[in-house]
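Record features (TrEMBL):
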TRANSMEM  12-34  transmembrane segment
TRANSMEM  46-69  transmembrane segment
TRANSMEM  148-165  transmembrane segment
TRANSMEM  180-200  transmembrane segment
TRANSMEM  212-232  transmembrane segment
TRANSMEM  244-267  transmembrane segment
TRANSMEM  279-298  transmembrane segment
TRANSMEM  304-320  transmembrane segment
Amino acid sequence: MLRCCLCFLSENVSLLFKLYCLTVMTLVAATYTVALRYTRTVGAELYFSTTAVCITEVIKLFLSVGILARESGSLARLITSLKENVFGSPKELLKLSVPSLVYAVQNNMAFVALSNLDAAVYQVTYQLKIPCTALCTVLMLSRTLSKLQWFSVFMLCGGVILVQWKPAQATKVQVEQNPWLGFGAVTVAVLCSGFAGVYFEKVLKSSDTSLWVRNIQMYLSGIVVTLVGVYMSDGAQVLEKGFFYGYTCFVWLVIFLASVGGLYTSVVVKYTDNIMKGFSAAAAIVLSTVASIILFGLQITSTFILGAFLVCVSIYLYGLPRQDTTKIQPSETKNSKERLVAV
């Protein structure tokens, strides 16, 4: 009886933890999108998005160092690990500079996109990262997709086309917007997301180096890349007005969510499955839509509803576990033996 109670309790704790992970991932994704959209469309003094991307990389670096320190167990081991794997490995730093550059482009494109698209439209369109990642996985990691996954990829693309066919309009947003520029920025962002994610996965699996060491290598390169971006894009204005010009509590919230969200997802993703991640993405779309209606006066169209529904369904189908048909199931083997005996 005691053993049954303990098993029941552990199953409940596991379920509660998965629900906790699902809730946090959903809230982070939805809040980040809505908050970023808010900071780009409300307020007289618009901040420099390139500086926000740079600060995000700095915060991620410090967080990764802190987690690596806890993983190492002592300061001496931390210093040794940094000397050997970071400062003593210029080739590895150069290798990780590739995803750093691509992620920097992606993060800057997110600011451009949300300056020109509503949060809900962006959230739906950004799910194009799934087919981009799938294609990069096939080409770079030589993996295969099931027929259902390919079907879900085409369904997702169809849903995004419907959403963009007649974009929903926000009546409370007074700033000038260019939907085509926003869609182009999203397209670049999803291409960068797919390539960088698969490239980073390939680097991780090529050695036994800690995830947090790899993150530190990538964020060091990322800081350099984003600083160059600040200089090239807004250098003169940053020198004139200051690095933190236009920053408000909402801007810092966006930076915090961008910094913690990625690290948190990389930690908890092993405790959830693809179905739960699919539900998280679908729930984030719904929350972003509701928030956009309330905050920005978004006017929902029938094509947007249908397109968003197709995207949510396709995400769920893509995450379904693949059935291995190459192996004979035990029940089938048993039935075959019984038939042989009967003969």
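Glycine residues also receive a Cβ, built from the backbone N, Cα and C atoms like all the rest.
Keep in mind that what you see is a predicted model, and the values were worked out from it rather than measured.
Scored by C-beta pairs under 8 angstroms, the transmembrane segment (148-165) has its highest count with 304-320, from the stretches 12-34, 180-200, 212-232, 279-298, 304-320. Comparison of 12-34, 46-69, 279-298 by number of C-beta pairs under 8 angstroms to the transmembrane segment (212-232) places 46-69 first.
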